[in-house]
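As annotated by Swiss-Prot, active site, proton acceptor applies to TYR149. According to Swiss-Prot, the feature NAD(+) binding site maps to 11-12, 31-36, 58-59, 80-84, ASN99, SER124, TYR149, LYS153, PHE178, an assignment based on similarity to another entry. The substrate binding site feature in Swiss-Prot is assigned to SER124, TYR149, ASN179, ASN199, LEU200, LEU216, VAL217, TYR218, ARG231, ARG290, PRO291, GLY292, ASP293; the stated evidence is similarity to another entry.
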Amino acid sequence: MSILITGGAGYIGSHTVLTLLEQGRNVVVLDNLINSSAESLARVSKICGRKPNFYHGDILDRSCLKLIFSSHKIDSVIHFAGLKSVGESVEKPIEYYQNNVVGSITLLEEMCLANVKKLIFSSSATVYGEPEFVPLTEKARIGGTTNPYGTSKVMVEQILKDFSLAHPDYSITALRYFNPVGAHPSGLIGEDPNGKPNNLLPFITQVAIGKLSKLLVYGNDYDTPDGSGIRDYIHVMDLAEGHLSTLINLTSGFRIYNLGTGVGYSVLHMIKEFERITGKNIPFDIVSRRPGDIAECWASPELAHLELGWYAKRTLVDMLQDAWKWQKMNPNGYNC
């Protein structure tokens, strides 16, 4: 049996593909390569000596999905595919709903036709909107999201919940990620944003290597100790291992888990720690807040620990060192 991973050439997807291949699983990847590179999968094969089956296609393309399900004995699906930039989603809401919501419905319909009943959905901590309290548990209120990206994740979660009630023999889990950072310790795969990075750590590493002149810190007037936004940063390899733990522990019905460390760090703290660990100076300017950003957000990961036996093992130092190693080895990402 094989596992279909949509968006498997992307940042989190490629690290998850690697983790599953290393565990001896058979993997099929579907990716349209709009925000990713097939080179990531070539690097995965270099690391572990095994190759996934790769399809260059889109989750909105029913014929492509039918081909995959008819050509492989798919047992379960891990669904990463989708657009993911908070800022861009504010500018292009229709594209986000089309890709993230309609695409997920299309995938689910084709899974039903192929009688594939196990699904892990890549959700996000953005579903919590403006948090009423931190740390966030899975029982916290969702909705009230501040951007279409987050809203699209809320919508898909609700669709999956409703579907699960109508089809109790399906096993569906939504994983709410916090802020993935870092890279595989080999330095061969990592985060390779198109254009200027939207996420903090690749922005920092590109400044450190001289690709960008300075970092932009979006807001220093939040109600936090140093005025900058606080987030729960989690090593991408911990996140990948979280998918393996979820796959092993899938049960019928609909489940939700936070995947985070349970510790929040501010933007300014991240800059200082990176400078301390690497010895690189990171010049930055304070600019106005981005639309849709919130002051602070970090997880309570206790439920995943209790029910999946999973917890984040890697430290902030690991995250920063691995991200920097990836950047130094790949100054232009996968476009070497």
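Here the Cβ of each residue, glycine as well, is placed from N, Cα and C on the backbone.
Inclusion criterion for the binding-site residues SER124, LEU200, VAL217, ASP293: a C-alpha placed within 10 angstroms of the C-alpha of LYS153 (NAD(+) binding site); this criterion is met by SER124. The 10 Å shell around the Cβ of PRO291 (substrate binding site) contains 13 further Cβ atoms across the protein chains shown. Looking only at Cα atoms, TYR149 (active site, proton acceptor) sits nearest to GLY82 among the binding-site residues ASN32, GLY82, ASN179, LEU200. Secondary structure at ARG231 (substrate binding site), taken from DSSP and collapsed to helix, strand or coil, is strand. Put plainly, the binding-site residues LYS153, ARG231 were compared by Cβ crowding within 10 Å, and the winner is LYS153. The Cβ of ASN32 (NAD(+) binding site) has 20 other Cβ atoms within 10 Å, all protein chains considered. Looking only at the binding-site residues ASN32, ASN35, ILE59, GLY82, ASN99, the one with its C-alpha closest to SER124 (substrate binding site) is GLY82. Of all the binding-site residues listed here (TYR11, ASN32, GLY82, ASN99), TYR11 has the Cα closest to the Cα of VAL217 (substrate binding site). With the fewest other C-beta atoms within 10 Å around its C-beta, ASN35 stands out among the binding-site residues ASN35, ASN99, SER124, ASN179. In this view, VAL217 (substrate binding site) is surrounded by 20 other Cβ atoms within 10 Å of its Cβ, with every protein chain counted. Counting in whole angstrom, LEU200 (substrate binding site) lies 17 from ASN35 (NAD(+) binding site) by their C-alpha atoms. In this structure, ASN179 (substrate binding site) is part of a beta strand by DSSP. SER124 (substrate binding site) carries a strand DSSP state (E or B).
All protein chains shown were included, and the count of other CB atoms within 10 Å of the CB of the residue listed as 'active site, proton acceptor' stands at 25.
TYR11 (NAD(+) binding site) and ASN179 (substrate binding site) are 12 Å apart (CA-CA, integer value).
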